[in-house]
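Annotated transmembrane segment per TrEMBL: 12-40, 52-73, 80-98, 104-125, 137-157, 169-188, 303-319, 339-358, 370-390, 396-417, 429-452, 464-484, in sequence order.
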């Protein structure tokens, strides 16, 4: 497949629109799962920690399986993966409406829906990057807001659907809405040029026909020779019997030698194929060794190591509010009459604002992106510490807005990763960091739920969450504080595979 130069417009804006709606439709319910969490607590009567696994798996499994998702999109293309994943998300949501217990939800909602969302995220980002080069940042920023807008709308939508049709009806309707992903996926036209196929492929396509023509010619010649030889032998047999016997013996010897040569040729081919398989396995093994060596080199960079710890702790402590904030309000005995807007909706809309504002700030040369990211981590930790003191809807709404805005630091995380390891190692490093982010998403809500089951209150749980985020922020600050300029000056003395962080203002 021959790809054209990214058009930076045209059909690319259709791709941006359908990618936005794809993330809106697939991530709306998993991110707003806090509304469903309350209903599952009442329906199945399980502990908060065990029930929280459903939402944490739905949001974390896609990040954990990001390498597999990338392989699928690279192998089959964005359009087929998007259509197939649309069936996964819709089917998982509809199956969840028939869940007899919490363990069924682990598979239907947690794994099936979560994996479908991970595949759709990879497909939308990949095809958007193919269509855009100069305006790639703007395009990616627009499609990333789809999940935040989905969180804002689905939080209120699912609450209304539960009141009208119950939990099962809500999941069926939301699953039916997710079928619109199929229409969006069908519009993800691959960027290719079908007018001039690559010469290698054309030659490869011609090989079978050439082979069959040659094989037929060879077969015809062999048949003609055998007919002539048979006629010649029959004629000699009629005229002279001894010569006939001698020629037949000679022909047998010739056929025997031909069979022996064929066996030798077959053995040689088997040996060659065996050697090829051994060489291929050896090359693959060398690639795996190279991958792990490069991974170890990345962890020798102290800023990258601190970044990996920070993203893990941030997701363990910072993700639970988006899942548990509604239950926090119910535990604080806040009346539903005081609700002007679901707290999860506030988190969703402020996350969108945070992504845009923090992304704009990161583009200024005088703003250091790593310091900006550390600042968001420290402020998130402080806001988590303040949640146990919030006893009214107004204070919880303000804290939800602050946490949502600070969660928008996902938009500047690629900037920080690029400055830490370099653009040539961004894909490798970002994949590793996203894996640990998914691990944090999966573990955070169950840990907070277990704290509640143990203490019967959320205070200790959010103290723990705030401590995790603050610890990650301070570790990252300490790793980057000892002078980036000094690290820059020493970068020439480092081995070729080592990386140092440069100050954003010098970029």
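The count begins at 1 with the first shown residue.
Cβ from N, Cα, C; glycine included.
Same-chain neighbours of the transmembrane segment (370-390): 303, 310, 314, 317-318, 321, 328, 332, 358, 361-362, 396, 399, 402-403, 406-407, 409, 412-413, 416, 419-420, 458-459, 462-463, 465-470, 472-474, 476-477, 480, 501, 504, counting only residues six or more beyond its ends whose CB sits under 8 Å from a CB of the stretch. Take the transmembrane segment (52-73) and the stretches 12-40, 80-98, 339-358, 396-417: counting Cβ pairs under 8 Å, 12-40 has the most.
Ranking 12-40, 169-188, 303-319, 339-358, 429-452 by CB pairs under 8 A with the transmembrane segment (104-125) puts 12-40 at the top. Proximity of distant same-chain residues to the transmembrane segment (429-452), defined by a Cβ-Cβ separation under 8 Å and at least 6 residues beyond the stretch ends, is recorded for 47-53, 55-57, 59-67, 70, 295, 298, 304, 307-308, 311-320, 323-324, 413-414, 417, 420-421, 458, 460-462, 464-465. Residues 12, 16, 19-29, 31-32, 34-35, 124-125, 128-129, 131, 174, 322, 341-342, 344-345, 347-349, 351-352, 355-356, 359, 410-411 of the same chain, all 6+ positions outside the transmembrane segment (137-157), place their C-beta atoms under 8 angstroms from a C-beta of that stretch.
Stretch with the largest number of CB pairs closer than 8 A to the transmembrane segment (80-98), among 12-40, 169-188, 339-358: 169-188.
Beyond its flanks by at least six residues, the transmembrane segment (169-188) meets 14-15, 18-19, 21-22, 25-26, 28-29, 36, 78-79, 82-83, 85-87, 89-94, 96-97, 120, 123, 127, 154, 157-158, 161-162 of its own chain at Cβ-Cβ distances under 8 Å.
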